[in-house]
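One structure is given here, and the rest of the page talks about it.
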Amino acid sequence: MTLVTAGGAWTGPGCWHEVKDEESSSEQSISIAVSHVNTSKAGLPAQTALPCDICGPILKDILHLDEHQGTHHGLKLHTCGACGRQFWFSANLHQYQKCYSIEQPLRRDKSEASIVKNCTVSKEPHPSEKPFTCKEEQKNFQATLGGCQQKAIHSKRKTHRSTESGDAFHGEQMHYKCSECGKAFSRKDTLVQHQRIHSGEKPYECSECGKAFSRKATLVQHQRIHTGERPYECSECGKTFSRKDNLTQHKRIHTGEMPYKCNECGKYFSHHSNLIVHQRVHNGARPYKCSDCGKVFRHKSTLVQHESIHTGENPYDCSDCGKSFGHKYTLIKHQRIHTESKPFECIECGKFFSRSSDYIAHQRVHTGERPFVCSKCGKDFIRTSHLVRHQRVHTGERPYECSECGKAYSLSSHLNRHQKVHTAGRL
């Protein structure tokens with residue numbers, strides 16, 4: 001790639017040569033030429049992290065976002081008329097071109113772009129030069145698009161300040177200001193909708209159940225509970241959802257994406273709610289309190305299970321024999337008596353399994369394969385569940401909580417053993 005200014009041309013890292021061109025000198029502009037469509041990411045403008053509207057993951061910049069979106073099917077290429085770079089989405093092309101319109105528009109005329117020349121003077125490395133100076137911070141930058149990136153940083157700061165003060169934002173005047181909190185809006189209907197946060201007004205009522213909402217979009221989303229409408233379908237497995245965010249979360253099962261990281265132990269999670277629950281291991285929070293005895297719990301499900309002690313309720317009924325249970329996991333364990341079949345046979349030892357995953361994991365006993373390795377200590381395991389269980393040694397996580405007393409354990413077997421203390425006391 002070659003950059004040309006009034007003073008010279010940049011043809012590679014640290015490569016700067018004088019180019020005599022009257023048009024270039026008079027207009028004091030920058031022209032850009034890219035010799036190949038698939039230009040590398042080095043030296044190209046970088047933006048802040050951007051989310052994929054199709055499946056949810058957050059990418060570090062517009063180029064990584066567009067590369068990721070190319071994995072989705074049925075998308076057409078959009079080409080930048082100035083440099084030839086191709087994008088899967090037109091919106092990404094526009095975002096890419098914005099970088100050049102911060103101060104100087106990107107040239108599109110072919111005759112003007114013809115002044116760009118390749119460096120043929122010498123193949124030897126030249127002393128690194130930094131001909132561009134940032135007016136905001138007096139920092140020097142090499143003759144790369146990094147200067148453009150720096151301008152974008154300051155542009156964002158100015159935009160943020162402009163938004164806070166109620167000035168124009170992207171050409172819109174922020175005429176409508178909230179009298180409660182001072183937040184400004186460009187449209188009156190947006191202000192009216194915002195003010196319902198303060199007033200508590202909920203004008204949109206569900207005709208089926210009477211539940212009210214502050215936004216019409218939320219009512220439409222709620223009504224799908226009654227209509228059974230599930231318009232968002234997973235392209236991988238065909239499962240449908242009533243909400244787009246639920247589909248986005250579900251897709252992480254297929255992609256393996258885990259965008260939420262715990263700052264304490266570095267563990268990753270696919271759902272933000274799972275991260276919040278996990279962080280209670282570190283901060284000791286127990287937000288769920290029993291109204292009968294005052295005991296507190298880390299998980300809402302544990303509180304619900306605990307409350308059955310006071311009510312004597314056994315809400316989980318077996319559809320096969322009618323037996324009822326106080327806990328859902330106890331019902332699931334019981335139902336295996338009625339439903340379990342074992343179609344998967346190991347040809348090595350003749351053992352049968354009800355699930356293919358158990359069969360595959362069992363075969364590793366014979367092959368010696370241990371594909372799941374702990375990144376902390378290097379210990380390897382046959383099953384991913386065994387690795388997850390082992391990692392609690394390093395993280396200190398104790399996800400199994402006693403519904404009687406709130407004591408937590410790292411293994412379900414330890415919780416079961418502990419709960420016998422309570423059941424023995426009631427006999």
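Cβ atoms are placed via backbone N, Cα and C, with glycine included.
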Lys139, Lys244, Lys323 - residue that Swiss-Prot labels as SUMO2 cross-link: Lys139
Annotated residue, SUMO2 cross-link, per Swiss-Prot; candidates Lys20, Lys151, Lys239, Lys420: Lys20
Feature SUMO2 cross-link, as given in Swiss-Prot - residue among Lys135, Lys158: Lys135
Contacting positions for the zinc finger (372-394) when only residues 6+ beyond its ends and CB under 8 Å are counted: 265, 267, 361, 364-365, 410-411
Long-range Cβ neighbours of the zinc finger (260-282) (under 8 Å; 6 or more residues past either end): 249, 252-253, 298-299, 391, 394-399
